[in-house]
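Colleague: Got a structure for you, written out below as structure tokens; questions coming shortly.
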Amino acid sequence: PRSFSAAELVRAAPAPLQPYLRLMRLHQPAGTWLLYLPCTWSIGLAAAPGCLPDWRMLSLFGVGAVLMRGAGCTINDMWDRDYDRQVARTASRPLAAGDISTFQSLVFLGGQLSLALCVLLCLNYYSIILGAASLSLVVTYPLMKRITYWPQLVLGLTFNWGALLGWSAIRGSCEWSVCLPLYFAGVMWTLVYDTIYAHQDKRDDIMIGVKSTALQFKEDTKQWLSGFSLAMLLSLCVAGMNCNQTFPYYSAVAAVGAHLAHQIYTLDIDKPEDCWKKFASNRTVGILLFTGIVLGNL
């Protein structure tokens, strides 16, 4: 029987369209969730006490997350097509495999960014400027693995921009006492899940000469991940206190801590399939926190 997964939808699409859908990773929605969820946290925290989050904004940011994650993947694959051919896990990506050309990818990227701009223009002026400021991070992130062992930190700065943008879209500007701790928490979270993700490719990365926190931390990975998780939880508590959150919020933060502790304790950094499983489970972390924010507001 056919499933209704994102991968199945991509396989059911017309053949000429499939390479473009795979280029934007529509068949692997975990990354889209991880980009979208910090936006939902911020939108939820910005809601008035006793009110549900703005569903129009949640929908708008959902569309934006799909488009910007797709654009980021396209840029990444354009930069990395030669590297991707040398890694078993990425050799089948459309650009690396030659299914589409660099020029076709560039045109497709222009289309994605144009649609994302349309979404951005639905927001207030402050948010438009703030959102546009993130584009430099989107473009330069794929280069970081060539020059630093901390590309995951740059990804965190990029992927959690929605923690700033969601609040400003609702309130008209950022409340920095809330937005900065929330943003920092998201960056720490990204360092956790993307370091786990990077352990899938560490052998190939050594051979082709690219860097990652997985190679930097090596056997000390779990200690580093524990530190990042603790910093995330403390920052979430600070953000919650600065916007008068209530018991359900802190209960969700505790649940997030338990999930991360279990994730790190059971992680096998030498098994790529376990690394993928733990990476993908971070969607649950984000949903737990969003649920706590909504219930805390109510």
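Note: Cβ is positioned from N, Cα and C throughout, glycine not excepted.
Please treat TrEMBL annotations as automatic predictions, because they have not gone through curation.
According to TrEMBL:
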TRANSMEM  33-52  transmembrane segment
TRANSMEM  113-141  transmembrane segment
TRANSMEM  153-170  transmembrane segment
TRANSMEM  182-198  transmembrane segment
TRANSMEM  224-241  transmembrane segment
Colleague: Other than its close neighbours in sequence, what residues sit by the transmembrane segment (113-141), given a CB gap under 8 Å and a spacing of at least six beyond its ends?
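Modeller: Same-chain residues near the transmembrane segment (113-141) but 6 or more away: 60, 63-64, 67-68, 71-72, 75-76, 151, 154-155, 157-158, 161, 164-165, 168-169, 172-174.
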Colleague: Under an 8 Å Cβ to Cβ limit, what residues of the same chain, 6 or more beyond the ends of the transmembrane segment (153-170), are close to it?
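Modeller: Those are 34-36, 38-43, 45-47, 54, 57, 60-61, 65, 72, 123-124, 126-127, 130-131, 134, 137-138, 140-141, 144, 178-179, 182-183, 185-191, 194, 213, in sequence order.
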